[in-house]
Amino acid sequence: MSVLEQRPVVSVHSRPAAWASDVYVVFWREMKHFAGQRLRILMMLVQPVIWLVLMGNVMNGFTRIPAAQELIGAGSYVAFMVPGIVVMTALFAGLFSGMSVVWDRRFGFLQKMLASPIRRSAIALGKMAAAAVQGGIQAAVILGLGLLMGVRPATGLPGAVTALALAMLFALSMAGLSLAVAAAMRSQEALMAIMNFLTMPLLFTSDAIFPRAAMPGWLAGIARVNPVSFTVRPVRELVLSGWDWGAIAAGAGAVLLFSLVMTALATRQLERGAA
């Protein structure tokens, strides 16, 4: 029995409480599915962990050179990479969350939701919120691994919580993008191809893995406006330096604006799917 069958939703469009209830029902259903997919959780963590453990330790050799430490702004490459890998996990969690739309369409559940009084924005935001929480859980695992590898956030526990909040906000925005694309897709394979195509360019044209100061001018210019970089910068400040409220506000503001745009786009795509 589905969640919506267990708990019928009667949405009264003029009442914000009813809309919030709709969001919660969709969110809770996504989280129940996530909790039951242990292999998926493991596989989503494998790649970031490999990047951090293997590449971080390999690149640590370069940080024995004082100039290299000045370039990355950290005493070790692992410390430099931890914020980038935290955001990477959020990127993966967000971009691949659209798979739930394809599965729901394949098994007819999406059509049931679209035929119900539930608002399309509640469907979009419920799925996006679930992706944000999932990304936050995985990002917390990476921060914990960083602690085991000797990386202590300069801002302590409050800074770590703030970094996770930024990662979750970023996962929310990427989930909106993924849902907007998925709402127009009928094939799981097509969506996977598009998301894989987006993931690597977004990651490697940012300063998540490599310092922007070491990039050629054209790539540094792209990294400067990359949405991944907007999140990595304040997270890196929190982990390596301290409370830079300007960077935090700029990063959070940019990602929040992108999240609002993606929520509107995902809602519109779902409405078109219902037509």
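Yeah, the Cβs are placed from backbone N, Cα and C, and that goes for glycine too.
Listed in TrEMBL for this protein:
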- 39-273: domain 'ABC transmembrane type-2' (DOMAIN)
- 39-58: transmembrane segment (TRANSMEM)
- 78-103: transmembrane segment (TRANSMEM)
- 124-148: transmembrane segment (TRANSMEM)
- 160-183: transmembrane segment (TRANSMEM)
- 190-210: transmembrane segment (TRANSMEM)
- 245-266: transmembrane segment (TRANSMEM)
Result, the transmembrane segment (124-148) in contact with the transmembrane segment (245-266) (3+ CB pairs under 8 Å): yes
Chain residues in Cβ proximity to the transmembrane segment (124-148) (below 8 Å; excluding those fewer than six residues from its ends, i.e. six or more beyond): 22-27, 29-31, 34, 41, 44-45, 48-49, 52-53, 78-79, 82, 85-87, 89-90, 92-94, 97, 100-101, 160, 163-165, 167-172, 174-176, 178-179, 239, 259, 262-263, 266-267, 270
